Amino acid sequence: MKKIPSKPYLSLIWFIEVLVAQNTATIPVNVGVVLDLEFLDANIGLTCINMALSDFYATHGDYKTRLVLTTRNSRNDVVGAAAAALDLIKNAEVQAIIGPTTSMQTNFVIELGEKAQVPIISFSASSPSLTSIRSPFFFRATQNDSTQVNAISALVQAFGWREAVPIYIDNEYGQGVIPYLTDALQAVDARVPYRSVISPSATDDQIVAELYKLMTMQTRVFIVHMFPSLGARVFAKAKEIGMMSGGYVWIMTDGLTAEFLSSPNASITNTMQGALGVKPYVPRTKDLETFRIRWKRKFQLDNPDLVDAQLNIYGLWAYDAATALALAVEKAGTGNLGFQKANVSSNSSTDLSTLGVSLNGPNLVQALSNITFKGLTGDYLFDNGQLQSSAFQIMNVNGNGGRAIGFWTQTEGIVKTLNSKNHMTAYSGSNSDLSTVIWPGDTTSVPKGWEIPTNGKKLRIGVPMKDGFSEFVKVRRDPSSNTTTVTGYSIDVFDSVVKTLPYALPYEYIPFAKPDGEPAGTYNDLIYQVYLKNFDAVVGDTTIVYNRSQYVDFTLPYTESGVSMIVPIVDKNSKNAWVFLRPLTWDLWVTSFCFFIFIGFVIWVLEHRINEDFRGPASHQAGTSFWFSFSTMVFAQRERVVSNLSRAVVIIWCFVVLILTQSYTASLASLLTVQQLQPTVTDVHELIKKGEYVGYQEGSFVLGILLDLGFDKSKLVVYNSIEQCDGLLSKGSANGGIAAAFDEVPYMRLFLSKYCSKYAMIDPTFKTDGFGFVFPKGSPLVPDISRAVLNMTEGDKMKEIENAWFGKQSRCPDSSPRVTSSSLSLKSFSGLFLIAGVASLLALMIFMVMFVYKERNMLRPSESRISIWRKALNFFRIFIQRDLKSHTFRKSEMNDRNGNSLPSMDGPSPSPYSVRTDYFPGDGDPSFDSSPDRQPSQEVVINIDQHTNPNQERVAAFEVEHDRNGLSDDTINSNRCSAPPSHSQIGFFLPPSLIKELPLHHLVDRQLQSSAFQIVNVDSNGEREIGFWSPTQ
């Protein structure tokens, strides 16, 4: 701030002149003003206060109250400000105090105002710490510093900076905003690795020493919050030592921005080219521009020595604060403007003890809280004693001044232009919403916000020290040269990643070991060294887990994730005598057998009436049907099928059998020739239940996982190398070894690359994020390293490194366990069986419909007295007989049983309503003459005349056995019929001489209603009538 000669009484003389010109009936109200009148900002504010009262009463001449200002100079001193306030309250009995200037001064003055119940209105005390006093008599007529921290954090987020260092003055003004700034930065995932505190009385050398300290750090984003006088010195020294060059970012808070850019000074702005700043946004209105002209004229009149002063935001707030107080005094009234004196003894030694209490103070506080008007800075009102926050304007220092590049609002975030009409715009946090920024070093390239320190220091990278699994990290010591060589898969990955970075990153590997070369601790101990700042990073086979991420940051993983279980694999296919049953499950076996029976039954139903191959005794018919069905398994069936329905069923069934037999053959061959390797155990809980021993790698976090799963600690065995793990698994849990080994997927992959034929990896039982590189919390290297890792994993470089250390694993078969059954199940063939079953049932339905329709007359007896059982029996007898009307039997009627052709009958054919009975001598009958010279047999045809309905079909057909008891073989043989039957005849062969001896019930097995029988003799000459028979005669 610029110091100027103090003129405390000019404002009082000017205001008295104003009062003389006003109505003498007005009531004066005393108001105190406490400012540091040695500085420019205070005088700017005082001029604005005087102009505000002049303008207010010029437009409100009817108001009865008039504020009378009593000004005191606090001389930039906290005690001076307190003394001035005490004097104004005690001696001048002011109703309110405007001021003081700084937050430190205001802190004590608030206490005085609280005690005397006098409102304190400050237009420049912005420290958030004043809010914690929670005094109802304090009104902050300026923006709280905490309202700008969100705008600053939005800038940090928009440009992707991960760290920022605040540089602030070591007093209440500087310290008050830091907690709010830190919280705001953390909310956008930015850290504060260091806080640079500069004393108000710091010398140039002390400032330079602090700046050099900042140069040795990685962070290049600095947020400056201090008085303008100290800030100007800091920027000047930063420019001298090269900290205003490319790569650096400087952000000023509103105090510095408003001071430096409202009244630009070339000597100051030249030292901060490229810096960013935020300041409260004040809309440019016609009234404001008019006021600037009037203020310039008035200020030069009051301060002729200051010709370069410019109106700033604090002057505007002072103007609006005076206007608000004038309105509140008029609204509160003048009923009681006095003070109530304290009841103390007259010999009290302190002024505070005799301090009175304002009687109008509470009314004035209430009036100020409810004031609302349109001021020079916009809508003006107090919310719990705090001025309503407004938008912030983002400035970029270029040339001899600032250039607006955007705005920030609470609702819309960073925007290029304010749009008061659109209140639904989404919150923005992108730098694309800003105009082009010219950064320090006169460049438009956005600084990345951090750099490797320029002091030549290398990153100290810790690496684990262990004996086994050296493919990942291996440390070799050369005793002769006392040097250490670090190699391994993880090391090669990190080296390749660093080479892809767009900047140089010097580093060195330091083994985490004791002086004797033994490991100095576990992986958790190694990672914790980064938190303790003993290492700058850790590179190795370090797993990303939650508890570690609480105090360090990990890059993206460069390996697979998860903890898996390794178990031995065995061939579980037993080659016993019953192995041929294993290809099919029991339900498929049963279903197949049932379908063979069913298909045989269907074929018999469809064929037995028309096919001689399926006729004969019941046992013969059953055997033939089932033989035919089961022989389809090898396609060896010899019986012919003549029905089209049967042929359709057989075709479909043969297709089903073909698929079933081929599948059975393939499955059986696989069982007998291929090893079915399966894990000995697939469930972790099975290991716990049986109390098996399991192993884990020494120093691994897997120990905690196993204990959490429920394993007894006494059942846990430690191994250090791949070979040791193989030995323990080979022994088995019962022989001093282990039943399973638990470790991370990368270790298991390496293990299986050597022993893939003996073990299998079960699916992960516990998810992790794989191996990652470790850095301090909030390290700016993490995003760059992670992007480089991601780029490598998507390319061929990572595969090259894997092949170099682990070799190509294509020689090993897939070791994934196959725990599902190898037997063929019914589910696989249900569709085929369904098709065969539906086709068979459909064929049966068609056959039955055709049969019933064809025999409908015979199945409908004329006598209703016949029982259902007799009807069913009649149906069954008809069903099991030959269908001689079938083309197969009509064709065979031309041949005798020995295959001899019989001459056709020249005589007329018998009536179709006749029953023809043939007598067939049984096999083995000694009286049967089978010689070619035997006499031809005679056929007896019994014609059945249907008197009731001559058009009705035949009623019944019977095969009648002849009772040969009492008849000699010679008699039978000599009288055997030989005449060929007509195709329309059904009969049996009997000697004509024995017709009369045949019992009637042997000829007809049912009652024939209203029928007569004609007995004829058929020989080579034709038919010859020999008699009649009727039921009555």
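Residue positions begin at 1 at the first shown residue.
Heads up, the Cβ atoms here are built off N, Cα and C, so glycines get one too.
Where the annotation comes from TrEMBL, it is an automatic prediction and has not been curated.
Positions annotated as signal peptide by TrEMBL: 1-21.
Averaged across the domain 'Ionotropic glutamate receptor C-terminal' (458-808), pLDDT for the predicted model comes to 86. Taken from TrEMBL, the feature domain 'Ionotropic glutamate receptor C-terminal' applies to 458-808.
Only residues 6 or more beyond the boundaries of the transmembrane segment (584-606), in the same chain, are considered here, and those with a CB under 8 A from a CB of the stretch are 614, 621-622, 624-626, 628-630, 632-633, 641, 643, 645-646, 649-650, 653, 656, 660, 664, 667, 821, 823-826, 829, 833, 836-837, 840, 843-844, 847. The feature transmembrane segment is assigned by TrEMBL to 584-606 (among others).
Sequence annotations record features per position, and here TrEMBL assigns transmembrane segment to 648-672 (among others).
Look at TrEMBL and you will find Cys756-Cys812 tagged as disulfide bond.
Distant neighbours of the transmembrane segment (829-853): 588, 591, 595, 598-599, 602, 605-606, 643, 645-646, 648-649, 652-653, 655-656, 659-660, 663, 859, 879; these residues of the same chain sit at least 6 beyond its ends, with a Cβ under 8 Å from one of its Cβ atoms. The annotation transmembrane segment is assigned in TrEMBL to 829-853 (among others).
For 890-936, the entry in TrEMBL reads region 'Disordered'.
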How many neighbouring Cβ atoms, not counting its own, are there within 10 Å of the Cβ of Cys756 (disulfide bond)?
18
